[in-house]
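This report refers to the structure that appears directly beneath it.
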Amino acid sequence: MIHPDYDSPGSLKTFLEEKGMAMQKKFGQNFLINRQARVKLIDALDINSSSFVWEVGPGLGAMTEEILQRDAHVTVFEIDRGFAACVSNFFSDYEKQGKFALVPGDVLKTWKEEAEKKIPDRFFGNLPYNIAATIIADMIEAEVRFEKAVVTVQKEVAQRMCAKPGDKDYSSFSVLCAWAYDVKPLIDLGGGNFWPRPNVDSRAVIMTKKEVFPRCKSPEHFQKILRSLFSSRRKTVKNNLTAFYNDGNRAETILDAAGIDPQIRAEKLSLEQLLHLSDVSYSNIIEDHE
Ligand code: SAM
């Protein structure tokens, strides 16, 4: 089977029609039809023959081809059965050489099993909008990090990923990303770069693994407490934590034990303070259950 012209909506459309397939909005299917942009994204991934890449959502393989042309190894995660069958066919020669592998199904459910086999050094995805933030957060929470990741996400998600304390987009997700990676914007991709054209603008970001990755007792609890601390940005940490525990005294005790001013807002806290607060809070909850 020969793949369609990845830059031609006409060719993509005809290919799908001939196979009795259609683009599915619920899976955030928008193909990047700009070769220059594809090259730029994979250039930024900085790969060679010794690189191992995970790609989420290959679609019909436009990005996968770019990765394979650089002689890297790639494992793709694809939920759409039709697309999965197509890429497996297009790249069967690479599969025989051990350079290409397909994991069919929902990546949110399949990636952990793959991670038990091998954690690659690179992560790539023109990510489906509905799962982009979740997959990034899930992997950080599981402490699975890549040397480098390049992801294309909705512009607003990218803004949150790159935001610094004091920025209007600074959120719990910004802290989570900054815990694990240095995140920088790479390129903006307006709707016209995709087929079908999405209603939103996209931005690619490059994530470079942080050398210093301070651990905490429970990354899961850290994520939960971050969400609550940033749930009402104008509220103090004490007020947000009171809502989290449903108990003002407890919020005060924990903040006191963590050495944090209860009147401060979450965005003023450093990463180390937030991790420490999470640990104090987690120990308090565990003690409570003992
Ligand atoms: N890589 C192609 C490109 O850049 O042109 C397609 C990207 S498209 C934005 C997103 C892809 O992710 C689609 O192929 C879609 O079927 C796939 N996808 C959506 N949800 C998924 C999920 N939960 N698990 C795995 N793949 C998913």
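Glycine is treated like the rest: Cβ placed from N, Cα and C.
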Exercise for review: Select one of N89, N126, N130: the residue that TrEMBL places in the S-adenosyl-L-methionine site alongside N30, L32, G57, E78, D106.
Suggested key: N126
Check your understanding: Which has the fewest other CB atoms in a 10 Å radius around its CB: E78, D106, the listed binding-site residues?
Key -> D106
Study note, to complete from the structure: Cβ neighbour count within 10 Å, max among the binding-site residues N30, N126, goes to N126
Check your understanding: In sequence order, which residues at least six apart in the same chain have a CB under 8 Å from the CB of L32 (S-adenosyl-L-methionine binding site)?
Key -> R38, A62, M63, N126, T152, L189, N193, F194
